[in-house]
Structure formats: C-alpha cells, structure tokens
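Chemist: I grabbed these lines from TrEMBL:
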type: TRANSMEM; residues: B:28-49; note: transmembrane segment
type: TRANSMEM; residues: B:56-74; note: transmembrane segment
type: TRANSMEM; residues: B:80-102; note: transmembrane segment
type: TRANSMEM; residues: B:114-134; note: transmembrane segment
type: TRANSMEM; residues: B:154-172; note: transmembrane segment
type: TRANSMEM; residues: B:202-222; note: transmembrane segment
type: TRANSMEM; residues: B:228-246; note: transmembrane segment
type: TRANSMEM; residues: B:253-272; note: transmembrane segment
type: TRANSMEM; residues: B:278-301; note: transmembrane segment
Amino acid sequence: MTVAVKPPTAASVRAEPCLTVRGLTKRYGGLVAVKGVDLDLRPGEILGLIGPNGSGKSTVMKLVMGLEKPSAGSIRLDGTEIAGWPAHKVARAGIGLVFQHARPLMRQTVLENIVLALLPDSLLRLVPDPSVTEKARAIAERVGLGGVIDRRPGTLAFADLRRLELAKAIARDPRVVLVDEPFAGLTGPEVATFSALIRGFRDEGKAVLLVDHNVKSVSALVDRVFALYLGERIAEGSAESVMADPTVRRVYLGGSIETAARPEAAFKAESLLSVEGVDVLYGKAQALRGVSIHVHEGEFVSVVGLNGAGKTTLFNAVSNLVPHAGTIRFGGQDLATLSPAAIARAGIVQVPETRELFGDLSVLENLDLGGHHLPKAEAAKEREKLYDLFPILKAREGQSARTLSGGEQQMLTIARALMMRPRLLILDEPTLSLAPVILEQLSKALERLRQTTPITVLLGEQNVTFALPHADRVYVLEQAKIVWEGPPDRFATEMGAAYL
Amino acid sequence: MTFPLRGLLLILPLLVVAALLPLGVSGYILGLLTVAYYFAVFSMAWDLLFGFAGEVNFGPTFLIGLGAYGAGILNNRYGIDIPLCLLAGTLLAVVGGLALAVPALKLSGPYFGLVTLVAVLLLQNLIVVFSDLTGGEIGLTVPDVISIDADTNYWIALGFMAVSGLILTAIARSPAGLILQAAGQDPVVAGALGFNVAKHKIAAFAVSAAFSGLAGGLIVFYMGTASVGTLIDTAVGVQIIIAAVLGGRRTIVGGALGAVFLIAAGEILRPLGSLSTFVVSAAALAVILFVPTGLLGLASLRRAS
C-alpha cells in the first residue's frame, strides 16, 4: 500500500499459463461454495483473488493446494491434472501455500523450522545434512530473520512469524505460490517489506496467487485481479478496472442504498454503551487499537469492516470475553468487573456470527431457552410477536434447528436473542454466507424491528448493503482502528473508494 | 544440536551408577528395577507416538502383548530358541501394529485412540478364548529363560533400555523426526510442505511397535511367564502412559525416568497398603495438571530461569 509502483506486465501476459483451472466446483452438502471457476495463472505474474467473506476464495485456494477435494472441474499444473491429489503430492508437484496464521513448530528454533521445509519426504533421513542448514541460513537472511535464527517462534514478533511462513515457502521453491491474506495484521512498513518479498517470487518467474478480501490492500502489488462472489467470477482484469466494475461496486458497496438515519441529536444525550480507548492483543497481534464508540438508547449503530478488522473482537470485549485495556460502560456502569453472564443479564445480548443454536432442539425449544427467565404467559406473548416478525419460524416450530436453512437459522438466532428482551442487541455478521434473497428478508425484519420497537442495536457487518439502510450512525473499523464515523448517507462518498 | 550432547552428559553418570548397583543392592531391588527398565522401554516407545507423531495410543499393551505372547508361545509350544522367538515376537508386534494403524490413522480426531483401546480388549479376549495355545487366564509359562542370575538379567535389561533409548532419541532428533513432529503438530501444514503425513505416522507406529514387542518378549523370558494381568490389561497400559507423561512428553528419556519413578514410588509407599496406588496416582495427576511438560520439563524450566 505504501509502495505504489506499477509493475511491468507485458512479459508476463505473453507467457503460457502454468496453472489452468477449469469449471472448478465445490459443494458442501447443499451449499455450493465454488461454482465453475475458470482461472489462469502465468509464470512471473501476481494474480489477486479477491472476494468478500464467504465468497469462496479460500475454498478455491484449498482446492488448488489439495487441502479439499473438488466436486467437479479440472486443475492443471503445466499440463498435469492435479485436481483431487492429496496436498503432499500437490506440494511436490510444485505448488506452495503461505498460511495466514503462522503455525510453526514451537519447540524448534527458527532455523530448524526452515530446515524442515527443505527436507525431502524421506523416512531414512536420520543424519542432518550440513548443506541443508546452510541453505536454511541463507533463506533466513533473505527474509530478514537472520538476527533471530536461534530463537523459538514463541518469542518472535508477529511480523517475524509471518516472515517464517514466507521462508518456508521459499525453501520449497514452488513454481506456483499461494499466499493467504498476505498483509493481515501487519503495519505499514511491514506491508512494504512483505510486498517486496512477494515481488521477489515474481521476479524469479514464479506464479503468485494472492487471496484477500478487497482490491485495495493488494492493488499496488498485483498484475491482475480476479473477483469472486458467492462462488462465481464477477470481474477480472487490472486492479483499476475491477475497482470500477459495477458488479464489484454493488457487491462491496451495495447499489443505490436508501438510508433512513435519525440524527444523533434525536437521542438522549448520554450513551447507553460507551467504549473508550479499548486495546486488545492476541498474543503479538494487535486486534484493537484505541477503539472508542458509543451507542445511544434506541439507536441503530453499524460497525462496518472487513473480515479480520476487529469487529468480533470489539463485541467480545464488550461482553468481557477477551481481556482488554480501556473502559467500557453500559448504562453508566463500568463492565470491567462483571462476568460475561452478568453482562448478559444486565441487558447486552450478543448474537455471534457462529450462531450457536442448539442443533438437536426444536425451533420452539430454542426460543423457550431464550425466554426462560420470563413468566410463561409473557414468554408466549413474546414468541408470538417474533413469529409475526419471522413467519417462517412458526411454520418450522417443531423442526430441529439443525435441519433449518442458513437463513432460517440466522432468523432463529436473532429471535432467540430477542426473547431475552435485550436493552442492547449486538449482531455479529448476521449475513455471513447468506444468499441475497434471504438477506432481503432479514433486512426487512430488522427494519420492522427498528420501526416498531424501541430496540437498541449494534451491528457488525462487512456487507455494506446490509449495514447501511437501517443504521443511524456508522463506524468503519479498519486494521484494528476506527477510521471513520458518520451518517450512512455520507459513507459512499467519503469511504466508498477506500472500502473496495 | 548441542542439546543431545548435554543430555548424554547428564544421563551417562546415571547409567554408570545404575550399572554398578548389583554390587551393593539386594536381589529384590534388582528384580524390581529389571522390570522397571522394560517398562521404561514401553514408555519411551509410546512417547515416540504421543510426543512426536501426535497420536495418543491407548493400547501400548496391544503391541507388547503381541510381542510377548508371540515369542512365548513359540518357545512354549515348539521349543524354538529365545533369539528366534524374540525376533518372531517383534515381527508379530510390527505386523499387528501396522494392521491396526494403517486403517486407524485414516480416522481423525479421537478415533485413533479409541481404535487402539478396542484392540487391547480384542487381544485380551482372544488370549482367553484360545486358552489351549495361550494359557488363557492362568497365563503362559516358558521353559527357557534368559538367565537365572539376577545380576545378568539386570544388566541385560539396563543395556536394552539404554540402547533403545539411544535409538529412539536419535530417530526423534533426526530430520525424519522433525518431519514426524510437524506431521503430529499440524498435519495440514505438513502436507502442504510436501510431506506424506500418513507415511511418517505409520513408520513411527512400526518403530514403536518393534520396541514394544521386543521389550514384551524380553520381559517374558525374564519372568518365565506371561499373563494378561501383568502385560496386556488396560491398567498396565495406563501405567505406561502415566510414566511417559510424568517423565516428560517429547523427551523419550522422560518415559524411562517416569517408569522407574512409578515403580520405585510404588515400592517405597508399599507400607501404606492399598493407599499407595492412590498416592502414586494422585501425584501423577498433580504433575499432569500442573506441570504438563513432566519431570524433565520441570528440570528444563529450572535451567532456563
């Protein structure tokens, strides 16, 4: 991002593709995660595979690497069909994967971790080969790990752990390198060094596939972008042309979004929830950096941010599920000393993105568990209101939650949370991997909820189409920091371009 | 790579002291230690799977039993010489172990452990059912023994333990052992690095089976008998596992320390009667809960601080 030099692409375009993917499809039960993807990757080229959460981009990467078996389609590496091969065979054929989460051997040194990647797959290597160690040292120097070569990974800084993953990929010397979210969790200068290292792959004539959420983070590095949405290609071409593509803009920013924000002054002056200067560290990665937000009673606030920006962490900090610095107050009360259960009883109900339904219990039983603190008659009344809001749940009343579709499960999760009569409802990515038609139903239900009840909602979303229409106020969370705050109608003009 | 040398320097004096014990210790204690040394090999072989391949084998006694009964039956029924019996027993353990591991390693999660547990019950039942051949619940007696001299038996057990420990440690610390650890810790990453995870785990299982089976055969020709209660029962397997964890996961040598410690502690606490097992188990539980890295882990923590 800090390096904006546009690489020359003429030479790479001429070369024959070394990786050809045709009609690649992956089904998980009824869900089609990848639908007939065609993709070419040439030596000396960096291709960015982008798509929002749930678009299938990670699945494509796993299919190519052999970590998942495709349901249909062909993957050819220099003419050899490798679709369905186990990962170790794919790796030996010449494809390498740089994992997003560094998972080194913790009891071995940095050097030994690199040595591992240099070893042949042999049972009979019982004596260490000094030339391998020398090679490992050279690789460590190249990626900037020279100074920490004898340390254990547990003592390394986050960026160094990422370097170690790159070092392992370099050690395997693959012809095709897949990189999963290359810059996640890195600071500006670190992004520049990593960009240079990845460019090094291209300069050696390797083909590089970067998988990331948006064009912006990889635009300075890639020769070409392939945009994926709901398992299908929606655009392909230069970073500029993909960013200008109307379909891409609609997926990331929504079409013409009608907003109905109520001005902040319409609410009571003091906040129901106030989060001030909250910091969260996951090991060495900073997940939240001085985040401050506030929500008034009756207000609908959206926190918009890509996957990994820190939305779930923020909500978990509010519910005291992760250790954090800074203060969080709810109705004037400091939440620091309260347990997650006490916070829920105080009125903050969180709907996690993982839904956490009781799969073997029926819809009715799940709802009753949500309303177990209410007197019976009250609970029944509340339930009827929710059935009115989500009529499909009434039709499915006796069905076990596991058998519901994804959209129905999401409705049930929200309904169950509402049974607890929250003072503040936190919704974490309710649209995760839902089809557009379901999204619309959910959107209508939320709008009705907002119009007819005094409910206070804090919504975390990467899907702007869903997050903006109901919101009174919007925060943008980017790489652990709040970077923008404002009414939804100003979002597209002020933040739209940056969000792509 | 300097660590193995330092380890050797620490262990060598211990071995020298152990080798000199017959000069000043009663035959009874030597007998206890002889058994302890064979158990030490069981635990070390188990740690290769748990500590390095990342697989919990709940049935170490399945492999031991195959080796022990394979060797014992050949000697008992056909009067074959001890070395050949030991070889056959070891082979049987490896073959039986592979027959179990190859399909079981295709399962993920806790199922490998469950399969190994069931295998023990299966073997136990087979031995009882084919009592003509195996001696059933009464046990199997072998006509030949390695030696009737307590000192000789002791030295053989000590030497066997030392050599086994050396070989297993060498494997664990070799480049192949590094791959095995990677396969155990994160099979996905190991696969993406080009390593055939199943191949390495199966090889580790075969090595573990070979040492377990050979030690099982040797212990039969030391005691002159084999029985389900002393060699195959799941309780025996639990002892082996506790010894390895107590001594220190991923250390190989820790298994030996743990086994000797357990048998010694059981003996020292014998005056407590039936309480002694409880005290030893409670101590083992405390170590597992509070020092999951085991006794050797405790020692290395000291050194680091």
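Cβ coordinates are placed from backbone N, Cα and C, and glycine is handled just like the others.
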Chemist: Taking residues 6+ outside the transmembrane segment (B:56-74), which of them lie with a CB under 8 Å of any CB in it?
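Modeler: Distal contacts: 42, 45-46, 49-50, 80, 82, 84-86, 88-93, 96-97, 100, 110, 112-114, 116-120, 123-124, 127, 133-134, 140, 142, 205, 208-209, 212-217, 219-221, 226, 228, 231-234, 236-237, 240-241.
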Chemist: Do at least three C-beta pairs under 8 angstroms join the transmembrane segment (B:278-301) to the transmembrane segment (B:154-172), pairs 6 or more apart in sequence?
Modeler: no
Chemist: Using a Cβ distance cut-off of under 8 Å, indicate which of B:28-49, B:80-102, B:253-272 has the most pairs with the transmembrane segment (B:154-172).
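Modeler: By the under-8 Å Cβ criterion, the transmembrane segment (B:154-172) pairs most with B:28-49.
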Chemist: Sequence-remote contacts (6 or more beyond its ends) of the transmembrane segment (B:202-222), Cβ cut-off under 8 Å?
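Modeler: Those are 34-35, 38, 41-42, 44-46, 48-49, 52-53, 55, 57, 60, 63-68, 70-72, 75, 82, 85-86, 89-94, 96-98, 101-102, 105, 140, 142, 144-146, 153, 156-157, 160, 164, 167-168, 171, 176, 180, 231, in sequence order.
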Chemist: Give me the stretch from B:28-49, B:80-102, B:253-272 with the greatest number of Cβ pairs under 8 Å to the transmembrane segment (B:114-134).
Modeler: B:80-102
Chemist: What else in the chain is close to the transmembrane segment (B:28-49), if you only count residues 6 or more beyond its ends and a Cβ gap under 8 Å?
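Modeler: Sequence-distant neighbours of the transmembrane segment (B:28-49): 18, 21-22, 55-57, 60, 63-64, 150-151, 153-154, 157-158, 160-161, 164-165, 168, 171-172, 204-205, 207-209, 211-212, 214-216, 218-219, 222-223, 239-241, 243-244, 247, 249-256, 258-260, 262-264, 267.
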Chemist: Under 8 Å between C-beta atoms and at least six residues away from its ends: which parts of the chain pack against the transmembrane segment (B:80-102)?
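Modeler: Residues 59, 62-64, 66-72, 74, 115-116, 119, 144, 146, 201-202, 205-206, 208-210, 212-214, 216-218, 221.
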Chemist: Who are the long-range neighbours of the transmembrane segment (B:253-272) in its own chain, taking Cβ under 8 Å and residues 6 or more past its ends?
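Modeler: Long-range Cβ neighbours of the transmembrane segment (B:253-272): 7, 11, 32-33, 35-37, 39-47, 161, 165, 169, 239-240, 242-247, 279-280, 283-284, 294-297.
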